Amino acid sequence: MKLLLVIFIIHAIFGPCFSFDVPGKDLPLTLDYYKSTCPTVFDVIRKEMECIVKEDPRNAAILIRLHFHDCFVQGCDASVLLDETETLQGEKKASPNINSLKGYKIVDRIKNIIESECPGVVSCADLLTISARDATILVGGPYWDVPVGRKDSKTASYELATTNLPTPEEGLISIISKFYFQGLSVEDMVALIGAHTIGMAQCRNFRSRIYGDFQVTSALNPVSETYLASLREICPASSGEGDSNVTAIDNVTPNLFDNSIYHTLLRGEGLLNSDQEMYTSMFGIQTRRIVSKYAENPVAFFEQFSKSMVKMGNILNSESFVDGEVRKNCRFVNT
């Protein structure tokens with residue numbers, strides 16, 4: 001464990017020098033997997049997502065986050081969508097998910113439409129991956145082709161959901177290790193946190209930040225002081241008080257997918273400790289450079305975000321390709 005920590009520190013400071021072999025990363029996904037079995041699937045999901053995001057732009061962030069939380073546990077296999085039963089402990093009540101994830105009814109809504117078009121053909125895992133891409137586009141983000149052909153798992157892992165997912169208060173080295181465990185580089189990590197440009201956060205997840213080192217990282221800027229005061233009105237200092245109160249992670253353009261979140265980090269105003277660490281951590285020589293690059297060059301951010309989303313979407317559950325299925329209802333294993 002100490003050796004791994006040393007490696008992660010060296011990598012965080014000096015840049016990439018190795019990669020991990022991730023089980024399932026070479027399993028085949030194709031762009032035309034549904035060409036003959038459900039040729040309308042991409043159109044159906046896109047049209048429904050247009051309605052969903054129009055109803056509430058925050059739904060875009062909700063779908064992207066749901067996809068992220070799925071892929072970091074057992075790979076992108078829709079395990080996060082499974083409800084708890086007498087025989088299965090789901091992931092929804094794991095600490096990183098219980099107060100963070102929503103959107104399950106949105107997935108149900110899309111799944112019902114797809115099932116009426118192509119019964120028993122399109123997996124929930126593919127549905128979630130495509131929806132996350134369309135959600136990004138609909139709030140101004142980049143396009144990318146989505147390889148498909150995933151199967152839905154028959155299992156979930158409460159334990160992995162508790163340990164694999166980065167948390168808002170986590171330090172940089174720990175976050176890097178969790179991304180590397182999934183086969184994702186530091187560049188991928190910094191690009192993917194850019195999705196927070198359209199996200200919301202609950203008070204319980206940023207309280208320690210705004211009553212901690214926020215004033216230090218923002219260098220007592222008068223404008224930052226005003227912002228901090230508004231955050232403290234939303235989120236009282238006392239634990240348990242106002243825990244579920246929310247605010248935008250990017251307070252400048254909260255409903256637009258752009259590179260504004262990186263400018264926030266440059267100003268030292270990152271709402272989440274895990275985000276601000278990318279720029280102010282003593283170990284963040286490489287991450288600081290990447291944050292600055294994306295702040296200066298939105299095209300570079302969009303290009304890398306697209307590549308990193310495909311890479312994350314290709315984290316697969318090897319077992320699901322042997323024993324997986326296409327769930328009829330995303331909440332339950334087929335009977």
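Residue numbering: from 1, along the chain as shown.
Note that Cβ sites are derived from N, Cα and C of the backbone, with glycine treated the same way.
Long-range C-beta contacts of C118 (disulfide bond), restricted to its own chain and to partners at least six residues apart, with a cutoff below 8 Å, comprise Y34, T37, C38, T40, V41. Sequence annotations record features per position, and here TrEMBL assigns disulfide bond to C38-C118 (among others).
Contacts of H69 (active site, proton acceptor) defined by a Cβ separation under 8 A and a same-chain sequence distance of 6+ are given as V80, E91, P96, N97, S100, L101, A161, L165, in order along the sequence. What TrEMBL lists as active site, proton acceptor is H69.
For C71 (disulfide bond), applying a Cβ distance below 8 Å and a minimum sequence separation of six or more within one chain yields Q182, M312, G313, I315. Sequence annotations record features per position, and here TrEMBL assigns disulfide bond to C71-C76 (among others).
Taken from TrEMBL, the feature disulfide bond covers C124-C330 (among others). In sequence order, A78, L81, V107, K111, D152, V326, R327, C330 are the residues of the chain that are 6 or more apart from C124 (disulfide bond) and have a CB within less than 8 Å of its CB.
Here TrEMBL flags P166 as substrate binding site.
The heme b binding site annotation in TrEMBL covers H196. Within its own chain, H196 (heme b binding site) has I249, D250, I261, L272, D275 as residues 6 or more apart in sequence whose C-beta sits under 8 angstroms from its own.
In the shown protein chains, 25 other C-beta atoms lie within 10 A of the C-beta of C235 (disulfide bond). Per TrEMBL, the feature disulfide bond maps to C203-C235 (among others).
Rounded to the nearest whole angstrom, the C-alpha distance between P166 (substrate binding site) and C76 (disulfide bond) is 16. With a cut-off of 8 Å between CB atoms and residues at least 6 apart in sequence, the same chain places I234, C235, P236, G242, D243, S244, N245, V246, T247 near C203 (disulfide bond), listed in sequence order.
In the structure shown, the C-beta of C330 has more C-beta neighbours within 10 angstroms than that of any other entry among the disulfide-bonded residues C38, C330.
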